[in-house]
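The structure under discussion appears below in the form of structure tokens.
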Amino acid sequence: MYKEFGCCDYEKDQQLMAKYYQIMDNFDYYGYANCAGFVLELICQECSPYAAHLFDAEDPHTPVRTIPGLCPDYCSQYWKKCRDTIPLLSDHPHIAKVKEDQTNLCWYLELGDMDYCYPHLLSKQKLTQNLGRVQSDSDGCLQLCLEEVANGLRNPLAMVHANDGTHRFFVAEQVGLVWTYLPDRSKMEKPFLNITKAVLTSSWEGDERGFLGLTFHPQYKYNRKLYVYYSVEVGSDERIRISEFLVSSNDMNVVDHTSERRWWNFTDDVLPIYVYPHKMGKSVTGGYVYRGCEYPNLNGMYIFGDFMSGRLMSLQEDTNTGQWKYNEICMGMGMTCTFPGLINNYHQYIISFAEDEAGELYFMSTGVPSATSPSGVVYKVVDPSRRAPPRQCHYDPLPVRVKSNLIKFVPQETLISIEPPRKNEDVPQPTVSTDWLRELIDSLDEVGPGPTTPLPTTTTPRTPRHSRRKGRRRKGKPRVQGAPELQNGAVRLVGDEQGRSDHGRVEIYIDGEWGTVCDDLWTIKNAAVVCQQLGFRYALKAAKNSEFGEGKDLQILLDDVQCDGTESSLLNCKHSGVGSHNCVHYEDAGVICGNSNYVVEV
């Protein structure tokens with residue numbers, strides 16, 4: 001009944017089908033006629049788009065239900081006709097205790113939020129109107145998620161498949177190594193190709209020389225040919241080499257390095273279908289039109305990125321007008337990506353995009369753009385709003401003869417700011433202190449004249465640990481009674497038209513002056529540092545393009561900020577140096593913070 005949403009994969013669908021027949025084998029024709037429909041509906045709720053609500057699975061601190069939350073009238077009908085199926089559906093001791101008492105059983109199976117009880121939730125338009133569509137925020141930014149596929153790579157710049165039915169994928173590093181991965185994401189210990197001695201590259205950040213491309217011959221399955229593209233040094237000249245190799249006849253996971261045939265360079269120009277200004281990015285990383293099976297809503301969408309700004313973007317052609325519609329892609333906020341194996345962040349420098357043998361979409365990025373830094377990760381693009389029907393995308397890879405040791409894949413990336421507040425737990429509110437604002441104004445007067453920017457009209461929250469610093473001061477400066485001294489790295493949010501203290505342009509205090517932060521490389525991890533510094537639990541958005549106005553009267557103090565999300569200040573993050581930037585104020589960065597991790601309207 002939920003095949004259009006694809007919330008369950010093929011294996012789960014098979015498990016539920018087996019469970020259904022196992023239960024129904026206990027009944028005669030009369031029992032089958034009366035109860036088959038009830039049993040089918042109840043076990044299939046595990047694949048409902050609302051399964052997290054129906055089984056109380058949103059909160060990790062509460063036990064998951066064994067029977068979904070039922071509406072009272074439906075529960076009453078089920079009990080009267082089919083209560084003998086209850087012990088076959090659930091082994092919960094309390095359900096076993098009350099199963100003969102209709103009132104107590106149905107009361108126990110009720111949900112706290114009756115809007116989500118089955119089956120009435122299916123008819124609530126408010127809940128179903130956007131079901132199965134790619135979600136977007138108020139700015140039209142598409143909310144997608146990621147799945148980590150490989151890590152520890154040195155500038156991974158290509159991922160390809162051989163189209164031979166094995167569903168292996170091959171990832172190339174800039175230093176000249178290519179690695180083989182199996183469908184379960186384990187990696188061959190022995191490289192597929194190693195031409196590190198021939199490849200010209202360096203450890204300098206941003207050096208684009210090196211191994212640059214890899215593709216398999218369309219008839220690879222029959223001729224074992226592949227082609228590589230890399231930088232070489234010939235005498236005092238630097239050149240591009242394109243070579244043909246053959247895969248070993250003795251090992252399908254290793255190239256025969258003696259088989260190389262060489263050609264030299266030849267980059268035809270093609271007119272672009274879309275251009276964007278430097279305020280959005282400075283280096284296009286070309287992508288693919290999604291033609292995969294698992295995420296139907298992405299079909300026909302061209303997904304690409306920008307190496308410098310870290311933006312993920314999409315274009316989709318209007319077949320009637322021939323025009324391309326642009327949407328930025330954001331990582332899912334709130335509960336969007338709270339599914340096993342999904343994450344909502346990625347390393348900033350987007351190097352390349354890829355397709356696997358099934359047509360699913362991937363991209364590679366790194367935290368340090370150096371050919372020798374093992375910070376590269378391969379990510380799979382995931383649309384959590386809708387998956388293809390079970391069975392439709394199932395495939396059985398051909399067997400691979402493995403002669404090398406295998407290295408098991410261990411994910412390293414984590415979901416950011418997703419833990420929901422516990423039920424009945426009081427959510428801490430931002431600190432409100434009129435005295436503190438007065439003290440801050442006094443301390444600004446103490447610093448002396450400089451560029452003036454009005455403080456926000458509402459109070460700014462702060463982290464409780466700041467109170468321990470109250471009264472600390474520099475030597476020789478007169479002390480303002482009770483005033484906290486501003487420390488390098490202090491931040492404030494300004495510019496929100498509605499005066500909200502959790503929205504605003506980020507301004508940072510460094511060496512006696514306030515300034516702005518450029519949005520190059522600005523991510524949710526950077527925003528998390530700011531929000532936590534101000535006393536909020538979550539960063540809900542990393543705002544770009546001077547969303548909260550331009551701080552024209554201030555200097556731009558930080559650019560190319562890259563945080564892990566755990567630092568105590570933006571100054572502790574990697575950045576280009578205080579006052580060193582190549583930005584203008586229409587690139588001023590901002591944040592939206594909160595103590596609840598649900599999406600907020602801007």
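Glycine residues also receive a Cβ, built from the backbone N, Cα and C atoms like all the rest.
Keep in mind that TrEMBL annotations are predicted by a computer and have not been checked by a curator.
As written in TrEMBL, here are the features:
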COMPBIAS  463-478  compositional bias 'Basic residues'
DISULFID  Cys563-Cys573  disulfide bond
DOMAIN    491-594  domain 'SRCR'
REGION    445-488  region 'Disordered'
Under 8 Å Cβ to Cβ from Cys573 (disulfide bond), same chain, six or more residues apart: give me those in sequence order, or none if nothing qualifies.
Asn526, Val529, Val561, Gln562, Cys563, Asp564, Glu567
Residue distribution over DSSP helix, strand and coil in the domain 'SRCR' (491-594):
16 helix, 36 strand, 52 coil
Enter the number of other CB atoms within 10 angstroms of the CB of Cys563 (disulfide bond).
22
